[in-house]
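In TrEMBL this protein carries:
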- A:1-23: region 'Disordered' (REGION)
- A:1-10: compositional bias 'Basic and acidic residues' (COMPBIAS)
- A:13-23: compositional bias 'Low complexity' (COMPBIAS)
- A:30-56: transmembrane segment (TRANSMEM)
- A:68-90: transmembrane segment (TRANSMEM)
- A:120-140: transmembrane segment (TRANSMEM)
- A:146-163: transmembrane segment (TRANSMEM)
- A:189-210: transmembrane segment (TRANSMEM)
- A:241-260: transmembrane segment (TRANSMEM)
- A:295-314: transmembrane segment (TRANSMEM)
Amino acid sequence: MKDVSERPPVDDPPGGRAAGGRWPWPAPGLAGAGAAGVRHAGLVAALLLLVLVGVITKPDNFATTGNLVSILALAATIGVITVGMTFVIIGGGIDLSVGAIMALASVWATTVATQSYGPVVMALCAILVGAGAGLVNGLLISYGRMVPFIATLAMLVAARGLAQRMSDRRTQLVRPENDAIMALSTTKVLGLPLLVYIFAAVVAAGWVLLNRTTFGRRTFAVGGNPEAARLAGIDVRRHTLLLYTLSGLCCGIAAIIIMARTTTGSSTHGDLYELDAIAAVIIGGTLLTGGRGTIIGSILGLLIFTVITNLFILNGLDTSDQLIAKGVIIVIAVLLQRRGLRTPT
Amino acid sequence: MADKATPVLQLTGVNKSFGAVKVLHDVDFAVYPGQVTALVGDNGAGKSTLIKCIAGIHPVDSGQFFFEGRPVAIGGPREAAALGIEVVYQDLALADNLDIVQNMFLGRERTRGVVLDEASMEESARQTLSRLSVRTVKSVRQMVASLSGGQRQTVAIAKAVLWESKVVILDEPTAALGVAQTRQVLDLVRRLADTGHAVVLISHNMNDVFQVADRITALYLGRVAAHVERAAVTSTQVVELITAGRSGDLGLAPTTAENTL
């Protein structure tokens, strides 16, 4: 983050830097909301297309309640992480450590010591470990002035190492007396497991936080123009710290979901989740440089990814091809967005 | 100089160094309600540093600040804003990815409970723009990225006025603008003063200064060369004050001017 106040005390040349100079004439009106709406419509269309492919190729298997529930349950884990990631990226950062933090939280929550306190403490432990690791990321980046990529890369490696050490590289089972955790996956309300509702609640809370609160508004400002945000009296460092803590918190919630789904805590959980989460956010139309993005877009991006995975599995295709398809989709999404970007400015 | 009013903001004996470089030497500066005070000086004369000290961005090494006659200490941008001092920076400090309302309320958003009160903010933004007789902006929900240079300047000024501000400091508001847009912004600057604000206008452009300023303070190498009434000087004299620190009887004593070089 550049800090203009530290510049040597030399006046700027007249007219040299004034930002207004780039737009000598009023550009044709663009509405931010409208542009996002168009992007979302495109994502929904892509999603429907994939569903259509599913219905045609596997008519008996795809459009079943069981399959749709498993798609949502699969999406829930990375989905919660994606919400936090959306905030971090809109705020101008990146968090590579999400998968590792989730693994660490799942391991910490399933140690013999934690499990002896019961399921509520396990859940709290996962959330606290996640938020704590996120806080460390935030401190390194905002007050330690480290580049987000480096700081969270270090956390990725370190958190996974710590998870391995704590679990002795063994998969830790959630003990039967703590089966309330598993109930999140097995108890169904209106045909959907509870963890899908947790996912929905996190998405809703994230949407409100981003679009209807001061915190969300300032996240856009910090990502779009940190210097303007600072001059407007926003504590940019503190805000950055909170963004990474929020991301860590989401990883903690994701850890609860993965414990419920797999009945285990393991240092191998969430491997490469960071890439899926970042890809979902990018496909959803959030600028990697910050300042623009939506929660809805990220979730649509994630659902597209999850449905693709599901289609490949149902059709018995190679997972390698699945990776290739995902890569191609990321490239197409970014190319389409760049075209969309050029028209307004 | 016969002053009818007490200054809203007065600085006396302000010194500021950045490391070994002394940027401001015993600067005295005063701004009056309803008047436009032009702050002029060459590049490096200390204009930007002076306003950043006023805005609370740079702490001063020594010197006193009086706001409406009371001694005050300005410890940060928020404290300056709380007093009623608003600065419109040269690079405008607007976030391109936000709309006009969002920019005007950035950092001081209105909320109802925990959620943003968009309706009330939009209404106030619209009222402020119309109070300043701004008619060039189509919608207050336009993204700032889509605005022209003059419109951006207008939004930045309106943002400063929104807060019941008493002192509005404008850093080179016309530097990047064309003739028509410069005209609009200067009209706006005049209206600001006419609505009772104390306005500080930093400019390199003598035309602008002579069109709207009531008083002129010239800085020369970190010292105040002169405080003058606009009506009492010519453009040539002001240019001499800027470039040489003195003009005839006005300005720094020759020895002082020499020493600072």
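Numbering starts at 1 and runs along the chain as it is shown here.
Note that Cβ sites are derived from N, Cα and C of the backbone, with glycine treated the same way.
Automatic prediction, not curation, is the source of TrEMBL annotations.
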Three or more CB pairs closer than 8 Å, sequence separation of 6 or more: does that hold for the transmembrane segment (A:189-210) against the transmembrane segment (A:120-140)?
no
In the same chain, which residue numbers or ranges, 6 or more beyond the ends of the transmembrane segment (A:68-90), come under 8 angstroms Cβ to Cβ?
98-99, 102, 134, 148, 185, 191-193, 195-196, 198-199, 202-203, 206, 209-210, 219-220, 223, 243-244, 246-251, 253-254, 257-258, 261, 270, 273-274, 276-278, 280-281, 284, 286-288, 290-295, 298-299, 301-303, 306-307, 309-310
Contacting positions for the transmembrane segment (A:241-260) when only residues 6+ beyond its ends and CB under 8 Å are counted:
76-78, 80-81, 83-85, 87-88, 91, 93, 95, 98, 101-103, 105-106, 109-110, 122-123, 126-135, 137-139, 141-143, 152, 174, 181-185, 195, 198-199, 202, 215, 219, 222, 269-270
